[in-house]
Amino acid sequence: MFDDISPSNSGRASGFGESFKILFRWKHSVYRLLWEPFLIYVISYISLSLLYDYVLSANARVDFEAIAAYCSKYTSSLPIVLLLGFFTSTSMQRWFSVFNTMPGTAKVIAIFVLALKENAADGAQMIQQYSRWILLSWTFTFRLICQPLKKLYPDLQSLQNAGLMLEHERIHLEQVQSKHSSESDHYLSLAVLDWNLAMLKRCSRQGLFTIPADCNRQVDALMAFKKSCCNTLKFSSKNIPVALIQVVTITVYSIGVASLMARQLADKNPATSFITGYFPMLNTFQYFLYLSWLRFGAMASNPFGEDDDDIDITKLLQSHIEDAQRLQALYVTGPADELVTTSIETPSKKWPRNLCVYTDEGAEQVDGADDDGIGLTEV
């Protein structure tokens, strides 16, 4: 039906006709979202035309034409474009605010790994515990606002089974949960962050940091992580007012219902009357645009839902786990340390000079460049 085009092959503005490739993309497209209401709209429109042409009497047709004329005036009087533009811009501004405030885990873990003394007693275990608690706090935060993550980890036992917490930690958090039945995940996240603070206090007391002042840097990074979690909850809990979504939805669907009747029946030309009656191109295209704006704004108002274009929190959690494992490996001597040592002992005496120059005809090597497109000059 439609070819699935990757974003890198979605067309360029420089090539004639290449920008239209994106119009034939089906995956994550507006066609996939709206084909059902679009089909219902076309069937309803044609059904009303058949009703007018073959079922209604002469007197009933006069009433039908009067209703059609009234609906035609109604559809042109509503400020639908202004309302949809305001709703869409508000939703997108909120989407970008939520996206920019999403907490990351790599920075706070990396600072802890690099500040800890090498070959410290139980150093690797401390890093593992610290990283796991950061991931657990992150998970508790997004369980409050992400339904797919809530379904994946519905209770504390499921988190223990996934390896994000230990049994004695689960028992402690169940006690915290019993004290705060409402918004328990928020208090659970704060309780886990207290464990991280206790870990920093222990490391500072035992002199495990390379520089004693690093403890303050750890606390600052942890508090910044906590602030990002709280900001994400704040933006997600203060959603777009339901009244605004209701107003826009009612307006769009009322326009759609009215446009089913809005037609120029006074035109008796056989060609134009047949086209306007059974091929509602203009009406359908107009309603299709309005409904697209509505769906787009509704999707942006809930970026952590189950739609195809929503932020995949479960995949993001998996990437954070992989980052934590990679950062933990930096604490012990591994391939990265061996590579750094080898590069220092056998340094390169050449610097990159020129890269490929891209023109309209493609990539061209500059004069003096090597076969791989990079020119090297000795120091």
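Cβ atoms are placed via backbone N, Cα and C, with glycine included.
Annotated features in TrEMBL:
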type: TRANSMEM; residues: 38-55; note: transmembrane segment
type: TRANSMEM; residues: 67-89; note: transmembrane segment
type: TRANSMEM; residues: 95-116; note: transmembrane segment
type: TRANSMEM; residues: 242-262; note: transmembrane segment
type: TRANSMEM; residues: 274-294; note: transmembrane segment
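Between the transmembrane segment (67-89) and the stretches 38-55, 95-116, 242-262, it is 242-262 that has the most C-beta pairs under 8 angstroms.
Long-range contacts of the transmembrane segment (95-116) within its own chain (CB-CB distance under 8 A, at least 6 residues past either end) are made by residues 123, 126-127, 130-131, 134-135, 138, 141, 203, 208-211, 214, 217-218, 221-222, 224-225, 228-229, 231-232, 235-236, 300-301, 303, 311, 320, 323-324, 327-328, 330-331. Residues 41, 44-45, 48, 67-68, 71-72, 74-75, 78, 80, 83-84, 87, 90, 283, 286-287, 290-291, 293-294, 297-298, 301 of the same chain sit 6 or more residues outside the transmembrane segment (242-262) yet have a Cβ under 8 Å from a Cβ within it.
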